[in-house]
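Annotated features in TrEMBL:
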| type | residues | note |
| --- | --- | --- |
| COMPBIAS | 472-487 | compositional bias 'Low complexity' |
| COMPBIAS | 493-508 | compositional bias 'Polar residues' |
| DOMAIN | 1-279 | domain 'F-BAR' |
| DOMAIN | 409-459 | domain 'Phorbol-ester/DAG-type' |
| DOMAIN | 516-577 | domain 'SH3' |
| DOMAIN | 595-659 | domain 'SH3' |
| REGION | 169-189 | region 'Disordered' |
| REGION | 460-515 | region 'Disordered' |
Amino acid sequence: MSVTGQTFGQHLPDQVEKISSLTDAQLELLADVRELHKERSALEREYAVKLQLLAKKAADKKAKKIVALVLGNEPTKAWDENTIAKSTLDKAYTQLIAAMTEASRDHVNLAEAIDVKVVEPLRAAEKRHEEVKKKEIQYYQKLLADRDRVYSDRTKSKQKYDEECAEVESYRQKQERSADDRHAERAARQYEQQQIDMLNSKNAYLISIAVANKVKEKFYSEDLPALENELQELQTRLLTRFVEIVKDAQELQLQHLDTLRSHLTATEATLDAVNPQADQDLFIDYNIAPFSPPPDWAFEPSAVHYDHGNMSVEPAPKVYLQNRLSKCRTKLQELEPVLSSKQKEADQLRKLVDTYTLNSTLGDPNEVLDNYLDARHESTFYATSGVVLTTESETIAAALQGDEGAQSPHTFKSSSFSIPTTCAYCKSSIWGLSKQGKTCKACGISVHSKCELKLPADCPGTRHGSRTHTPSGSLSDISRTSSTISRPECLGPSTSSGEVTPTPSSFARASHTSEEKGPTARVLFDFTPTSPFELAVSADSIVHVLVEDDGSGWVKVADESGAKGLVPASYVEFLDATPASSSSTASLSSGTQPTPGEYVRGLYSYKASGPDEIDVEEGKLIRLTDGPTGGRNYADGWWEGVDENGKTGIFPSNYVEPV
């Protein structure tokens, strides 16, 4: 005798498609019975003959589909007619057809009542459960996709690891070939960096293995059983609703056809005996198949690089792991309250569904069921994210053994760079205007996106040692906060759009800039400020220039009352001296002896884009200026020098090499 009270999730692991086919068979049953009553409504008008033909047609359909309805499409055990007879649903369906066969006449009123109280409710129930079943299958497909994505990440991590191993071997060979070459040092650095990238790829691969194993375990032990149980509950509700509607049909017949009362009473009794749980137990008994979860994945060494399966905790890979651990924990902290809230919501909705099911006068359980399923599904995906983050954290923490590094992580944001910028980690240039790198919002350092997790989490929390370090706020930094100058076009020269675009060098801050009282200037036009950093001035008023134009198109001035702020450089005219920022000349003509000092040679051509810059030509010499604020000391990434024409200005330091 079969065991009662069994669940699909516990006894039919990984058989969602087979369970879904059972739901399809049940939905087909609703469609058949609905069609049955619809046709009967018409046949009732044609009396008993047509009704008998309909009953035979229904019996034929039942004969063809009863096996799939009771045992599924592909039962795993042998069965016979006695097995089908154990189904309470089969008994009810059989009695229903028998009652129709014995009915010989009816009338229009009964036909109309059947249309209203049977056909339409069946159509509504069929449509609703078809939609719910479709949603469940979509959820199942999403679970599969989510699982396969994690599996794919593991495969991609393995591929990436193999590629990095191959690159290590390639760079090693290059290093051997360039041992006596002038590029030996660069080849050695490249080889060392590639080794680090390889180890990072290895760590990522090991992490992806751990995550894939954990997600697999959750998928087969939690998600899949829960989904199968949901399908089981939907089937129960579907059959329960089916019974309710068909019982209504029987009640109509009892009211209108006293002569059929005995047959209809028997049919009602069999319908009352429909037990979805008993039929589901029968379905389970005849569909149990051997099942074992897929084995766990393990580390697979690369074919071109021998290695072990332990996490690499050498200095550089350790930094990557420490940063990744910090990110995982931060995300996990953000996820925990969301997951807890969603689980609590699902539990409350579950209780509400149960309450409404026991007492339908309190509310419609079907309406609440949709909300419960949505909350339950969202909770499942949140839980999967939690498993991923927890597994990553535990895997990395176990490898680090307490050495989690500095607890001052950088707060990076995506950045665009209009000039070559040196990566704080790999020391190479960051190129491009479309988010090619990241900049720390706290300390201002810039790195490649790929170098973000390689940088130690030792952010000082303040900007220093960077081109964006401005203790008092440079003009170019402040001017970027306001993009439009409000003034009539007839008052002075401006661009057609009114926008002031800073030059690349305007983002370099010379350490000797100060706000001492500078030269006197006369204001040419009225200016109305558009930001708190700007100063309102009137035409013909006298101001003192505190910080001269650094190429951004703005100067900082003080008026006669002592108020300070920015005004467009084209709005003022110097009275007593030429701005100190103007280009100076030096006696470095082509016909004289080179001036003693430090020289650099241009590696690439660079065209000056501001009045304070000079051109760099490939192969040409530039003499660096002296002093604590000149030459190499001018700013991070920018040096000051004198070109062959005697012009003094600044230029990108990564465009030249020492002579």
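Sequential numbering from 1, following the chain as shown.
Glycine is treated like the rest: Cβ placed from N, Cα and C.
What you see is a predicted model, and the numbers here were worked out from it, not measured in a lab.
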State the mean pLDDT for the domain 'F-BAR' (1-279). 87
Reported in the order helix, strand, coil, what are the DSSP residue counts of the region 'Disordered' (169-189)? 15 helix, 0 strand, 6 coil
Residue counts in helix (H, G, I), strand (E, B) and coil for the domain 'SH3' (595-659), per DSSP? 6 helix, 26 strand, 33 coil
